[in-house]
Amino acid sequence: MDRRNPFQHHHHHHQLHHHLIQQQQLPPPPLSTTATMDPGGGGGGGERIPQWSIEETKELLAIREELDQTFMETKRNKLLWEVVAAKMADKGFVRSAEQCKSKWKNLVTRYKACETTEPDAIRQQFPFYNEIQSIFEARMQRMLWSEATEPSTSSKRKHHQFSSDDEEEEVDEPNQDINEELLSLVETQKRETEVITTSTSTNPRKRAKKGKGVASGTKAETAGNTLKDILEEFMRQTVKMEKEWRDAWEMKEIEREKREKEWRRRMAELEEERAATERRWMEREEERRLREEARAQKRDSLIDALLNRLNRDHNDDHHNQGF
């Protein structure tokens, strides 16, 4: 997170929300009729969902790069995917938020699969590798800058930012469920209070016997007890939901660390296997070179012996002719 004014940060999220509301009120634009199709396939799962074109996919990546920092700062990013869908509609591409999110996940999965592939093969198999790599590199630069400027909060921010990549697996916050529970408790208590008030007001004899002081004191005491009960129940639900959310987040973090360790182990094994293969190749080349040298030495020895014998025979013939 960059060190900008918190009021500007709040205003940025407010603009995104306002933009989404405006887009929901407008009629949807016509479908794009681009002819060039994305070789990676569409982000949807049904037959009626049109395939993603290359232009459409590039536009999605451009919008996702523009909002990447906001995605990393927001745990509940369902609203942000609505903003992405609205921006896609502005460009003439009609896609739902779920389709955009699914397409992004598929692209990230293919990007990770290309990390051990040769560069030439990457360009042929996955044409959007450079765009996604640019997004992740910009994210890493922001994290490094943030760690350099605010070291005291870097570790906490690191956990929060990396949790969004696994890419976009959301863990629901407890606030919404807690608020719904609190509203339910308030409505229930309100109905019970209305029933008690109605039953008391419909009996004039009982109302006449009670004094105003006693009635007001009882009402204040009942209201105080009700508010206390609601607050206590709210606190219990808050603690419970926060614990459940924390446990779920810790489980996902443990799973992520396991996957990362497994990936590193496999990469180390592949590197060792590659080094062993290279050593075996070098040993075979050395053996072949030694065999070639031995054969060359034998050939030279045979040639020398043959030449010496021919010279001796020639000298003997010449000597015999002299006699």
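Keep in mind that glycine also has a Cβ here, set from the backbone N, Cα and C atoms.
Annotation source Swiss-Prot lists region 'Disordered' at 1-51 (among others).
Residues or ranges marked as compositional bias 'Basic residues' in Swiss-Prot: 1-20.
According to Swiss-Prot, the domain 'Myb-like' annotation covers 52-108.
Among the features that Swiss-Prot reports, region 'Disordered' is placed at 147-176 (among others).
Among the features that Swiss-Prot reports, compositional bias 'Acidic residues' is placed at 164-176.
The region 'Disordered' annotation in Swiss-Prot covers 190-220 (among others).
With a threshold of 8 Å between CB atoms, the same-chain residues lying at least 6 positions outside the region 'Disordered' (269-297) that come near it are 116. Residues or ranges marked as region 'Disordered' by Swiss-Prot: 269-297 (among others).
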Per-state residue totals over the region 'Disordered' (269-297) - DSSP helix, strand, coil:
29 helix, 0 strand, 0 coil
